[in-house]
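Presented below is the structure to which this report refers.
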């Protein structure tokens, strides 16, 4: 049977009267008495109650019970860090009372849907907060406390015990020491420090130092991507060119201004999905970097393969492996050549008489008045590959050494 609107209002009023206690306790922040609500969120859950008054919760836009931000579900310290908001709530009793009265006046003049104070002046959102925000309910905070009798081995209730029979956490764990005032003021919050440390390790896309770079690389587009699929980037500013490389499944988008490119990179990094694909967004390279790298393996930076230029020599073959232990044969002589041929000496320069007999090897033919004979033809020369005439031992006086050796 359906109930009337008046009966629903009556039932809701009865429920509120049963769960609240007017001016039951003082606020943990401003120390003023406020109406406390106490309820059980579910079966085998612990009773929960409000800890701060509505004025303190509206000043920080947080829950009255868990003191987490109502929009992101994060601690106040993490939210203020992401939005670059500086806490200006006073700590002393007199200044705190004066500040609270001014905030109550500002809240009364507002529509109640927007935060007040410094938080109300922060208009820009944070990408870090969107990544860290909790989008699903977190029921673990509703669990009952650990049974201290079970820890000591003295609990006799068994399964009927309303508290948890679990081993407590390590007392040295920073999460085991939490203070409600530190969480409200956004200082020394171990939960916030853990989240901020996680945010520092998250991948991010930093803009390059070269201000002339206005090109973004978009990868993972697929085979059927068109210019119309990249309309997402027109909202950030004027675009000069869009180059799509189908073979590499990527695109290069060049913006007219650096600010438009930075905005597109910030709003699209790790968040851009087109045709069911999560795209890769990176910054392009400067002209100097492209000039140093050049073309690798016949593929340009745009991903297109370049045709070889006719008439250019090919790559040189690697040099043959040299045996370090083998003797160096600088004249390309046959290894079986006589040692007399190897140990040759150069003739004296013009104008210098040869040494007397017996004081040195004979350098000229005994018939000194006759010109030295012509070197034999190439077919009669000792074996060995000769590349240059200067490496021919017969042209360096070796024939004289041989003839004098045979006459002796």
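Cβ atoms are placed via backbone N, Cα and C, with glycine included.
Per TrEMBL, the listed range annotated as zinc finger is 141-168 (candidates: 85-112, 113-140, 141-168, 169-196). Between the listed ranges 249-269, 270-290, 291-311, 312-332, TrEMBL ties the annotation region 'Disordered' to 291-311.
Counting residues per DSSP class in helix, strand and coil order gives 10 helix, 2 strand, 16 coil for the domain 'C3H1-type' (141-168).
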